[in-house]
Every structure is written in structure tokens, then in C-alpha cells.
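First comes the structure, then the notes that go with it.
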Amino acid sequence: MTTPRSEFLRVVQERGYMHQCTDWEALDKRLSEGPAAAYIGFDCTAESLHVGGLMQIMLLRWWQKTGNKPIVLMGGGTTRIGDPTGKDEARKMLTDEVIARNMAGIKKVFAKYLTFGDGAGDALMVNNADWLDQLNYIAFLRDYGKHFTINRMLTFDSVKLRLEREQPLTFLEFNYMILQGYDFAELWARHKCLLQMGGSDQWGNIVNGVELGRRVHQAELYGLTSPLLTTSSGVKMGKTLGGAVWLNADMLSAWEFWQYWRNTEDADVGRFLKLYTELPLDDIAKLEALQGAEINEAKKVLANEVTRLCHGEAAAREAAETARKTFEEGALSDNLPTVTIATAELAAGIPAFALFVRAGLVASNGEARRLIQGGGGKVNDVAIKDPAEMVGNGALKDGVIKLTAGKKRHTLVKPE
RNA sequence: GGAGGGGUGGCCGAGCGGUCAAUGGCAGCAGACUGUAAAUCUGCCGGUGUACACCUACGUUGGUUCGAAUCCAACCCCCUCCA
């Protein structure tokens, strides 16, 4: 792989976004000749995307930054089918209402990363339900179905895996890749979109689209996939204490989001800086080279930058400041997650374990008891011994009670 | 359609009449050590009440039994071989 001439592919190569490409040389040649349109599809399976999809968003952002037109494809139609890729069994069918709600949630995040509009380089958002929902079955089979051989479809990993494991693959799911291929061809026809990007698991689906475009429209289309990201410990990215690391603020606060990145393993810092921030590579190299505890500075930069992109400058600064106060000064910060308790109730006193449950730091009374008995529960930074210890107004300091579970999870309790 | 094997806690995977809330591993949580890292060591790891208890749980529904994840029957689903 030689150094690309096009700016976009240079970024892709240098920053580690590249896993596979259908024709790297040809794509480079094409991109160096002028702007183009590319798309990435997002199925509407949850109310928000999580960090697993962040790399794709960054790809679109770079694509736009390097002078090209990004297209965000919402899978309003394909979500009704369900992508069988990488799954052992069919996913539950989502109702149209759920899909619509999910789409509304997912849409929000893109405005933060892309500039939408009607201009040449402006991002465009489309929904494949617009063309999939009214497909005529017979006409579709005749026009497009004839280009897919079962023989070939059986060779794709997503299908092969199911067959080898002898897990059922329904005809419904089997059609997913055809429809995704059709999406690509359709986006070429509508918007001269010549590149589809996606995670490495999408390779088969993407290749289908490339071939379909060539057969139906004699178009030269390209596919490019990004690596599946795991942490250095081999864990798939995107899990945090509470669950997935969502991108939408109403599902995961900016503070928790910032914390997620701040807690990156040493070995991942450089890689993540390249993938999830836009810092110049020279700067990243310097940060990456920090040794020992120094590398914490790099983690802060990482958390600041990623949070700034996703939640905005103010939220990032606030999270950083909250962290500084909380962890470096050991002081109280107003911006920690907060729950309120009725004044009268607090005055009467609440058992410590119950308070931890109320604060959302643990899921059950039993868990709270175990946490406290294990020495992991603190009230105002002092470990408590007895789960049943009453906490009341006497614990108020500056009008709040600070609860801590373990070393990193803090919540403030305020009377109201 | 016939013969056989199997469905166990988030996952993998033991258990095959009581001592089973169910061995073990992974994941997770906490403590120690640190740097809000990794590795390591230790504890915890269904719920409610914190002894004892009770509830919920081993595909579903019934049955046998003082007592079942364990035995029986029917049903559902998966797998293997034969047709």
C-alpha cells in the first residue's frame, strides 16, 4: 500500500481506519481527481448509537473535511428485515413504532459531527425506507434478483457461518444483503454515491453493492471497511459500568462519557487518539510517548477531545473540571451526577444501603450491602462499615451528601 | 416419517432424586498494590429480610415422590444419523 495521493485516503491510512478496500489504487485515483459522495448505513436497532459506531461517524467527518459529500443512510427499511451478519439467530422483529423512535434518536448525533445542507459538500441524510418500502416484488426480482446467484451468496461469511453452525437462516434475513446491495446501487443512481464504508463485518454486504452497481448501472463503485475495534485486553469496545457507551446525552451523560475515555488503557491511548480525535499526528505521537503516570495527561486530552466532538466544548470542559476537582483535589464538585431526596425523608434518616440504591449506584439492596461490607461504599469520602447506618441531615456538607461506590463512581444527594 | 443426542444463572460449561441458588472458567463489582492504567493477589457475584428463613430460577406444562435441575408423560425448540 503506497502513500495515497488523495487526502482522504491518506487520513484513512495514517490514522488507522483502514481494514479492507475493494480497490485502493483505483479509489485513490478517483478521489484525487475531485470530490465524491460516500455513504455509511446505520440500522435503527437502538435509540442511540454507541461508541462502536463512532469510528464510522469519524470516517464520514473526515470525508467531509477532505472536501467530499457524506451521506448518512438511515436504515428505516432494512431494520425491518434485520441484518443476520455476525448473529447466531434472528433478531426479534422490531415494530415500526420502535424503528421510528430509534431513528429519531440516532439522527440527533449526526448534526454534531457533520454539516448538513444543500450545498455540494454538505452532508445528506436519507432513509432507505423511501425506496425499499414500495418495492414491487416481482419487478425487483426481475431487475435485481437476477444479478444475485445463490451460489455466490452462500459463500458470504454471514451466510456461511449460519449454515456451518446449522443455525437457521430465514429467507427474510437472507434478503438483507440484497437490499443493502440495492441501497448502494440506488444511492449511486440518486446521488452518484460511489463509496460505501462500514465496519469490517459489513464487507460482504458492501461487496454485494459494488457488484450490483456495476451490473445494473455499469458504475465503478468502491467499498472500504474499518477494523473491528477491541481494547488491548481484547474486549469489544463500548461497555461501561452501566452498559453501552451511548453517544446521546440523554442516555449517557457527558460526564460518564468523558470518564469512559479517561479510563482508557495505556496501550490504547495512541490508537484511540488517532481514531477518535482530530489532533495532528505529530501531537499524538508526543502524547503517546509519555511514560508511566505521565500518560494520564494523554488520556485527559483524549477524553476532552472526544467529548468535545460529541457533546460540545462546554460539556467537555465541565466534565474535565469535575474530574479535576473530584479526583485531583478530592474536592466536591457540583456537577457530579445528582439525585434528590425529599427534605423530610432525609431529616428522618435513610439507611446507607437504601441511599446507595436510590442514588443508582447499585441495583439492589443486597448489592448495596455487599458493596458496603466489602469496604467499597463511602459517604462524604469516608468508608462506612454498617450497611444499615442511618444517613440523615447530619451528613449534609454544603447542602449535599456525597456517595461513592468504589473509586470512581460518585453521586451527590441533595435534599429537595 | 424412523433412531439417537440435547435445551442449566450475562456467556461457556458441570451436575443427573435430597448435603443445589446449583462445581469450574470468562465477564462484572469491590478491596490491596498503583497512575481514575495494565498485570497480580483477595473477597463478592438471583431477590427480599442480613442468624435460621422466605420467594424466584435449571425449555414449557403436568405427574411420581416426604423431597426433582435430576425420575415419568406430553408438548416446543435445536442437533446427529437413516428415509
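The backbone N, Cα and C atoms fix where each Cβ goes, glycine too.
Long-range Cβ proximity for A:GLN180 (L-tyrosine binding site), meaning a same-chain Cβ under 8 A and a gap of 6 or more residues, is found for A:GLY41, A:THR78, A:ASP83, A:ASN205, A:ILE206, A:ASN208, A:GLY209. As annotated by TrEMBL, L-tyrosine binding site applies to A:TYR39, A:TYR176, A:GLN180.
Under the heading ATP binding site, TrEMBL lists A:LYS239.
Among the features that TrEMBL reports, motif ''HIGH' region' is placed at A:44-53. Distant neighbours of the motif ''HIGH' region' (A:44-53): 74-76, 79, 91, 94, 99, 101-103, 105-106, 109, 199, 229, 236-238, 244-248, 250-252, 260; these residues of the same chain sit at least 6 beyond its ends, with a Cβ under 8 Å from one of its Cβ atoms.
The motif ''KMSKS' region' feature in TrEMBL is assigned to A:236-240. Taken together, the residues of the motif ''KMSKS' region' (A:236-240) have an average pLDDT of 63.
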Fewest other C-beta atoms within 10 angstroms, as judged across A:TYR39, A:TYR176, which are the binding-site residues: A:TYR176
